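For reference, the structure discussed in these notes is given below.
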Amino acid sequence: MKKWKWTNLYLIFVFVMLYVPIIYLIAYSFSEGERMSGFHGFTLAHYAELFADTRMIQIVVDTLMLALLSSLIATIVGTLGALAISRTVRPLVKNTVLSLNNILMVSPDVIIGASFLIFFTALKIPLGFGSVLMSHIAFSIPIVVLMVLPKLQEMQQSMLDAARDLGSTNSQTLARVVLPFITPGILSGFFMAFTYSLDDFAVTFFVTGNGFQTLAVEIYARARQGISLEINALSGVMFIFALLLVIGYYFIQQGSQSRKAKHRKESEAIIHEAAH
Amino acid sequence: MKKNTATSLAFYVPYALWIVLFVIAPVILIIYQSFFDIDGHFTLDNYATYFQSGTYIMMTINSVWYAFLITLVTLVISYPAAYLLHYAKHKELWLLLIILPTWINLLLKAYAFIGIFSQDGGVNNFLGLFGIAPKQILFTDFSFIFVASYIEIPFMILPIFNGIEELDEGYVNASRDLGAKWSQTFTHVILPLTMSGVKAGVQAVFIPSLSLFMLTRLIGGNRVITLGTAIEEHFLTTMNWGMGSTIGVVLIVAMFIIMFLTGERRKKGAKRA
């Protein structure tokens with residue numbers, strides 16, 4: 001019992017370490033004054049300032065739109081990719097494609113940013129929203145593939161055979177059997193792609209021109225100029241948003257797990273009945 | 001059959017296009033670009049400069065050294081945390097709490113530390129309680145390593161946690177039943193069996209640590225120069241893309257070395273088992 005307590009203490013220490021900076025940041029968003037030192041009394045002025053800052057609001061909206069659009073497209077392409085990989089029979093081709101898939105996962109952001117910058121310049125694609133969108137789609141696709149692929153491998157061949165035996169066409173099998181089964185994987189992939197996009201700074205920093213800003217790039221520019229408690233207020237808002245996203249993600253995962261459990265129960269019940 | 005191939009072709013096209021345009025082409029382009037000087041002439045000068053001028057070599061060694069320190073710090077903190085997490089009650093909830101900070105933008109976390117480490121910030125105020133005079137914490141090597149480790153910790157905990165989850169509890173019990181001390185069980189059973197998680201974590205932390213240019217700027221105060229900083233500088237400030245690409249190629253090579261060192265050799269082991 002004693003040991004159990006001691007170990008919990010270490011975990012709590014790690015959590016305190018992880019959360020202190022975030023709490024510090026948000027706490028000062030309510031402080032009067034202009035600096036992150038010596039709490040000067042409660043105010044909501046920085047939040048008022050934030051919501052009156054139309055440029056900042058526009059950037060937040062742009063960032064969210066970008067994340068939504070890029071993760072949506074990445075999810076579609078990534079799911080198709082996962083379907084393609086799962087259909088590949090030859091192991092050499094499969095492994096090569098998987099290795100290529102993972103290159104962008106392990107590449108440092110700077111390399112992705114720099115090489116995409118060369119790529120867009122070579123093709124004379126203007127830097128701005130378009131180039132940023134394409135980059136975000138590109139670096140989000142592999143994670144979608146990695147989230148969907150295990151679901152496809154989990155799927156039993158007998159289900160597909162059953163669908164075919166019952167006379168369904170390929171597209172019917174895909175729409176009615178395969179897609180519903182892999183939906184949890186697709187949703188996880190979408191969520192991961194969405195966070196990748198929201199979280200990215202380095203790649204965007206390389207491929208965005210002067211016309212288009214994301215939140216991360218804007219924060220970088222402002223942070224280099226020094227502290228402004230408006231950014232703290234923004235952190236408060238972003239934290240709530242992240243919290244909601246995490247809760248959403250948690251429920252999606254729980255949902256897929258309980259569905260799995262339900263399936264298991266159902267099949268157990270069927271077996272049970274058959275036995276009787 | 002014909003229809004079959006047509007539909008599967010439709011699956012391949014967008015994904016294949018992505019691989020060609022955004023995976024293969026950029027890598028080739030960055031290697032190609034590294035053979036051009038600032039005026040667009042084909043040359044091997046960039047590589048000559050890189051290997052002959054001591055500064056680039058020193059910078060690379062420095063960058064690898066910092067990445068090593070960051071990885072070491074995160075590993076030392078994360079392994080026990082992941083291990084304890086495995087045995088904790090409500091571990092899904094704990095795990096979620098670990099992931100949550102990674103959903104806060106990296107820049108915001110770096111920005112928080114500008115406040116915490118500043119002359120009149122949280123840490124110096126705290127030290128002041130004990131009568132210690134304010135110290136310069138921001139823009140030091142320490143602050144860079146601290147903040148980088150802070151940011152990378154969740155990315156180390158997760159793979160190690162997954163590795164420990166895969167561990168068959170039977171081995172641990174068997175080792176204990178056979179009279180091994182806890183330390184023996186740990187070094188001979190638990191650690192070797194969770195090595196794949198550690199390797200994945202090292203890979204997930206070491207490679208990004210080579211390229212954290214925004215942290216070197218905001219927290220390291222340009223005192224720390226990593227490979228990432230150098231690439232950013234060459235691409236976006238001095239516009240010497242050739243030299244930037246050369247350093248990029250070095251970074252790619254470093255990446256492959258790390259992937260080789262931490263790579264899965266499980267296949268062999270699995271065959272044997």
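Using the three backbone atoms N, Cα and C, a Cβ is placed for every residue, glycine included.
TrEMBL has this to say about the protein:
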DOMAIN    A:60-252  domain 'ABC transmembrane type-1'
TRANSMEM  A:9-30  transmembrane segment
TRANSMEM  A:64-85  transmembrane segment
TRANSMEM  A:97-123  transmembrane segment
TRANSMEM  A:129-149  transmembrane segment
TRANSMEM  A:174-195  transmembrane segment
TRANSMEM  A:233-252  transmembrane segment
Discussion item. Cβ under 8 Å, sequence separation of at least 6 from the ends of the transmembrane segment (A:174-195): give me the contacting residues as numbers and ranges.
Written reply: 67-68, 70-72, 74-75, 78-79, 82-83, 140-141, 143-152, 155, 159-160, 163, 168, 245, 248-249, 252-253, 255-256, 259
Worksheet item: When only pairs 6 or more apart in sequence are counted, do the transmembrane segment (A:129-149) and the transmembrane segment (A:64-85) reach 3 or more Cβ pairs under 8 Å?
Response: yes
Worksheet, complete the sentence: Here the stretch out of A:64-85, A:97-123, A:233-252 with the most C-beta pairs under 8 Å to the transmembrane segment (A:9-30) is A:233-252
